[in-house]
Every structure is written in structure tokens, then in C-alpha cells.
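Asks: Please see the structure below; I have some questions.
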Amino acid sequence: MVISARAKIMLLETQNLAIGYEGKTLVQHIQFTLEENQICCLLGANGAGKSTFLKTLLGLQPPIGGDIVWQGKSLSDYSPTELARHIAYVPQAHSHLFPFLVQDMVMMGRSAFLKWYQTPKKSDLDLALMALQELEIAHLAQRYYHQLSGGEKQLVLIARAIAQQAKLLIMDEPTSSLDFGNQIRVLEKIKQLQKQNIALIISTHNPQQAAFLGDNIVLLDQQFGFQQGDKKHLLTLENLAKIYRTSPELLHQHLNNHIEKSL
């Protein structure tokens, strides 16, 4: 008897999406798809529209045109609270003005499941502590977030998203302000999340990180538009040279052939 593999479930797709702000269109004709348990890395130069694309997918910025569909339903039909139960956002590690304990920062991921008058329950605290344990940072639970290192802060923000129990995590340059060791630690944790049936969209400036993480790549550029595909076909020196306005020869020199070797 032949047992066929289970078909992947489509989580997110865009239909002729146009993105921009204040009425100005940055990129249009975006046909994007994301399946469950898929990592998609988003590459583009500064000002290409990466952050605008992510904000639009998160429902924080309205599209200029087209539609975004989450599990067969238009994103516009979800309330912000409903959407937060499905999609979590992981920003870059940042300083915080208020002295929150790490466990309290992570418990904020449970806010989408609470009424405005409710306080977190023991079950919410348990989920927060489980998320910290999962990332091997449970020892930070009683530390103050603002006193942590950049790498520790980034892992706490990822733990907050895990506590949110979302099916999709959207990360905006999660390693941009980290030293090399912390970059490696964060990247390894991201790979582990995929094994837990979590889909991820990750914006990065680093093609080598995209080659390591992504089974799917998006190239975003105002001149060349939107391209999505597997890394073998898209993550080439020629394509990178186009979006970063440089030459394939210089890229080859500075990347030490890592892109080609990774394929």
C-alpha cells in the first residue's frame, strides 16, 4: 500500500497586491504564497519596501490595491485581536523604557486571548515559562528586560511570539544588531521553530542567512518588482547584483562563493 504525503496547507496568499504608503505605490502585482511549516526569507535593498510589505501582511498598513488572504479569508475580515491569534510579529531587539521582568514581557504575547478587563491566568504564565524553556532562556525569567544583552532581548521577543501560539511569525531583520555569536544562536532557534509546524517570514539584508534559513526566497525591488521562488533559482549572484545595485563579480568576491556553495 502506498501512503501519499499529506498536502501542505496554504496559510497566506496575496492576490495582485500593491503596497506603499501615503498613496504612493512602491511595488505592485505581488502574488505571494506561504504554506504551513515554511520559512520564507525576504531580501531587498534599503527602501525597497520590505518593512512596508511586512506591515501590510500584519494588517498594520492598508494595501494600495489587491487583497491578502489568511487561510481562505480576507485579512480585512479579521479584527486586530483575531489576527493576533494567528500571526505574531518579532521586531528587532530594542530598549524598553519600563522595567518589565522577562516573564512579563513574554506574557504580553497572551494579550490577544484576554478581555480588556482580564489579567493573565496561571495558564498564561505557564505558557510564557514554557516558551522561555523552549529557547533555553528560562533562567532569565526574573531578570529585567532592559538589562539584557542584545541577543538575549531578541530571544525574549521570539519567546513572546511563541507564547502567542501563532501559526506564522514575521521577523524584521532579527539579527541586524547582534554580534556574530548571537546571530548564530538566533538563527539556530529560528530553524528549530520550523520543526514545530510554525511558518516564518524573515526580512534580512544577509544573503548567506537567507541561504541557511529559507527554503523559499522573495526578492523585492521597486525597479524589478516582486519575485518568489526556491533559493536554487532565485538566490543567484546575478539576481542579488540587480537588487543591490552592484556587480556579480564584487558579490562573488565579498561573499567568498558562499551563496553558490550553499546551493
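Glycine too: its Cβ is placed from the backbone N, Cα and C atoms.
According to Swiss-Prot, the protein has these features:
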DOMAIN    12-247  domain 'ABC transporter'
BINDING   G44, A45, N46, G47, A48, G49, K50, S51  ATP binding site
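Give me the local environment of each listed feature.
Replies: Note: S51 (ATP binding site) has non-local neighbours D172, S203, i.e. same-chain residues 6+ apart with C-beta under 8 A of its own C-beta.
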Asks: Here are the binding-site residues: A45, A48. Which has the lowest count of other Cβ atoms within 10 Å?
Replies: A45
Asks: Let's check the environment of K50 (ATP binding site): how many other CB atoms sit within 10 Å of its CB?
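Replies: Around K50 (ATP binding site), other Cβ atoms within 10 Å: 22.
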Asks: What is the total of other Cβ atoms whose distance to the Cβ of G47 (ATP binding site) is within 10 Å?
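Replies: Its Cβ has 11 other Cβ atoms within 10 Å.
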Asks: State the count of C-beta atoms found within 10 angstroms of the C-beta of G49 (ATP binding site), not counting that atom itself.
Replies: 23
